[in-house]
Each structure stands twice: as C-alpha cells, then as structure tokens.
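Worksheet: one structure, shown below.
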Amino acid sequence: MRTRFWRQRTNIISATLTLIASLLLTGCFGNDEEDWNGKNISGLMPELEFDLINSQGKSVSGDDYSGRVRMLFFGFTSCPDVCPTALQKLNQATSGLDPALQDEVLTLFVSVDPKRDTPERLAKYVDFFGDNIVGLTGKEPQLRELAKRYRTTFGYDEPAADGNYAVSHSSAIYVFDREGNPRLLMRPDLSREEIRHDLVALIQEDA
Amino acid sequence: MSLLDYLLPYDFSPLTILSYMLVMGFYGVGLIRMPEQDRPGSLRIFAFTLGVLICYAVMQTRFDYYAQYMFFVHRGQHLILHHIGPILIALSNPLPVMRFWFAKISPGWRHTLRPLGWVYNVLQQPFIALFLFVGLIYFWLWPSIHFDAMLSRDLYWVMNWSMLLDGLLFWWLIFDPRPPAITSSLGYGRRMLVLAAAGVLQMFLGAWIVFSRDMVYDVYEVCGRAWPLDPEVDQLLGGMLTYIPPAMMSILGILLMLRRAMHQDGKYTNQSKQLEETAS
C-alpha cells in the first residue's frame, strides 16, 4: 500500500524537486551584488594566517601586517615569467593609486623555493618591484601548510645539468581585506586597471 | 616521500575516518555474530570490503591530494565514489548484515527512525533517484560551482560525501537483490530504463568536456597542478573519465539486470498467483 502511495505521487514530488532545484540554481548563479573583476571568495576560504620569515630573516605572522588590504602571491625568485609579470602588474596597479591610498595596500610575495631563496635574495628581488611589497618564505612544511590552507600547491621539477629547476605554483593572487578576511581571487590575466578598481573598492569599503 | 606519507590522509577528516570505522566495525561484528546460514559468502565479503576500502582510499590518502590539484584525478575520484565503490558494495548485498542489526534496534527507536525510512522512500523513487544521480554530477561539474567547490574546503567535503551517499542510494536501487515480483523493489524494466537514461545523460556531459576547445575548468590552472601536465591533456583525460566508464557501467548494469530478469522469468508465477488468490 505504502509503495503504491509513493508511486502515485512520484510525478508531483519530482516536479516539486525540479522546481526547487531550478530555483536554487538560479539563486546560485544569478546574484553577484558587487561589480568585482576578481572572483569573489568571501566565505570560501579561511582568514589570512601564516607563520613565516620575512626578508630580514625575522619570524612573522599574519597579524604583523593587519590593517591593510593584502594581496598574497606564491612564487619563487628564479621564476622566468609568471612571477615577474604578476608582480610588475601589481606594482603598476598599486603605484597608480591615489598617493593617500598607496600605503593601504600590501603585496605579500611568498617564495615556495626556500632552498634557493634566502632572505637576502628575496629582499633584493622584492625591492625591485616597489615599496609596498614584502618577501616571505619559510621551511617547506610551513609553506606546504600555507599553500594547503589556500587550496593550492607547488612542486619542484628535476634539476637540469646546471642545477636550475622549475617550480610549479599557483598563478592566482589572493586578496584579503583589512580584517584579514578572504575577498577576491585574481587571475593573472586581469589588467592593472581592473586590479586597481577592485583594490580601491576594498580600501574604501573598509575605511 | 615515504610509503606512510602516501597512506596517510592529505586532508585529515575525523568524521570521515569515524564513519568508515563504524561501517567496517558494524559489518565485521555483524558477520561474526549472525547465524551461519545467513552469513554472506567470502566473495561477497571481499566485494564489500574492497568497495569500502577504495572509497576510503580516494578520500583519506595521498590520492586526495592529487584529486584536489588535477582535474582527471578528481574525475577518477568521483568515478570511484559515485560508481565503482557503491557498485561493489551494492553487488555484495550487505542486506543480511543490515537485517541482523535492524533486529537489534528496540521498537521505540524504530519508531523514532521512521522518518528516515520515509525520506529513503522518496529518494528511491526512480525519477528522483535518476534526477539526483545525474543532477549531482552536472551540479558539481557546473564550472562556477566546481570552481567554488575546489576552493572551499567545506564545499569540497560536501561534494565528495554527497557523491558517495548518492552513489550508494542509486546503485542499491539498481542492484537491490530482492526479486521485484514478490517484494517492493523496483521492477527490472524500470531499473534498465533508469540505467539507460543515466548513461546517456552522462555521455552528453562527458562528450561536452572532451570536445571543449576552451578550458572549462580553470581552477586547476589558477591554483596550480600537482605536476606540470598540459592543461588540455588534463581536461581531455578528465572528460574521458566522465564519458566512457560511466556509460560502460550503465550497459554492464543493464546486462546484469537482463540476466536476473531471465533467471527469474516464471520463477515466481506460482507464488504471485497464490498471492493474488489470497488477496481476492
């Protein structure tokens, strides 16, 4: 009896489910209140937290840079293309900001190649890309932990005859607001104007 | 990396480990305590254990790391969670063990648990089961949803668990060993129809991924791959894993149902006639 009861209602139940599902789907895909160029990652990722060393060789944590909009980027100083292009673009985006806003943004460049990237080497490298950039690195387990926290990874290729090796890493720029909440994921193909637009929106929103 | 690193979970989930331990614990203790004549044979026990183990392996070993950073490994993970693992578990027919434990539940508890049975009955309506089975694959592979699921640890776990649980429901509906002639299980014709529909719908999606010229799933590009594999190759392999094995599984399922239907042809006629007589 019960089976027949359910069988008779299959159509109604399935129609209702289809309706609910389609409502949910349009709800998921339809609304994006902010006009961000980056991908909105609010609520998808944990707050900015790390335990690394800076280019002066001092231990630092996420709190040391709080109060500013932060852009987290993984890379390595021997990187032939992705890192220099991205860092240069970030530098152009921030240096084009109103001077009063420039200090509100900080780029955190995390080298995932601690074997080659000593703090001194890292300091020289980041200085080349402007003032508002900090070079960070750490022991491999610390870096692995940070990468895992932000759902990314890195890997080392076999060294060539001259001892050089490539490092695979995320090409994304993770943007955190002043409180350290994850806000945007920027793909490196965004233009500096698009990046600047998002940064200004984030700075002004918090101020 | 040592062997232990490969066997330990990449993303430790106590709830997942506890669930697997409970399942294996209840299955094992049930097997030992149940009367010998009800106990499943060793092949069935092996199939059940293998099904559970491969699902565990893709969720709580180093495999999960590669599944998070490679599209095709991720597709392989879902092939196991949504198809192969649940198929092995359903074919192993753990019903006797479940009956054994069900008999131990006190009547009061059974009464409390009745809503679960209602939910189960709704989910096992053929159309709803098909909608959920195929719908979940489409849902989690919808590019923007997929992007979010790979970025958020919570969503990622919801995705994998929903695939596993739905896989179990669906393949249990299909491979339910109770003959439909004398029980409430789904008729063989309907089972085959559901399988055929599921196969065709999955082939559409798989073919779309395989033949896409653009990068559909660029989250692996943005967040880095586990090793430097050409993104197009990764997407092609992932598409093929969505396209071919699920379609094959549907056909195998249909053949198995045909075999069962042929074996049971005429077997229950006398009994159903008797039932009809008593009913009238």
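Glycine is treated like the rest: Cβ placed from N, Cα and C.
The transmembrane segment feature in TrEMBL is assigned to B:12-29 (among others).
The transmembrane segment feature in TrEMBL is assigned to B:41-59 (among others). Residues 9, 13, 16, 20, 23-24, 27, 31, 67, 76-77, 80-81, 84-89, 91-94, 160, 164 of the same chain lie 6+ residues outside the transmembrane segment (B:41-59) yet bring a C-beta within less than 8 angstroms of a C-beta in it.
Nonlocal intrachain contacts for the transmembrane segment (B:79-102), taken as residues 6+ away from its ends with a CB within less than 8 angstroms of a stretch CB, comprise 26-27, 30-31, 33-34, 38-40, 44-48, 50-52, 54-55, 58-59, 133, 136-137, 160, 163-164, 166-168, 170-172, 174-178, 241, 245-246, 249, 253. What TrEMBL records for B:79-102 (among others) is transmembrane segment.
Per TrEMBL, the feature transmembrane segment maps to B:122-143 (among others).
Residues or ranges marked as transmembrane segment by TrEMBL: B:155-173 (among others).
According to TrEMBL, the transmembrane segment annotation covers B:193-211 (among others). Tertiary neighbourhood of the transmembrane segment (B:193-211): same-chain residues 126, 129-130, 133-134, 137-138, 141, 170, 173-174, 186, 235-236, 238-244, 246-247, 249-251, 253-254, 257, selected by CB-CB distance under 8 Å and a gap of 6+ residues from either end.
Proximity of distant same-chain residues to the transmembrane segment (B:236-258), defined by a Cβ-Cβ separation under 8 Å and at least 6 residues beyond the stretch ends, is recorded for 71-72, 74-76, 79, 83-84, 87, 137, 141, 174-175, 188, 191-192, 195-196, 198-199, 202-203, 205-212, 217. Residues or ranges marked as transmembrane segment in TrEMBL: B:236-258 (among others).
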*So which residues does the transmembrane segment (B:155-173) touch in its own chain, when a touch means Cβ under 8 Å and the partner is 6 or more beyond its ends?*
13, 16, 55, 59, 68, 77-78, 81-83, 85-87, 89-90, 120, 123-124, 126, 129-130, 132-133, 136-137, 140, 148-149, 186, 191, 194, 198
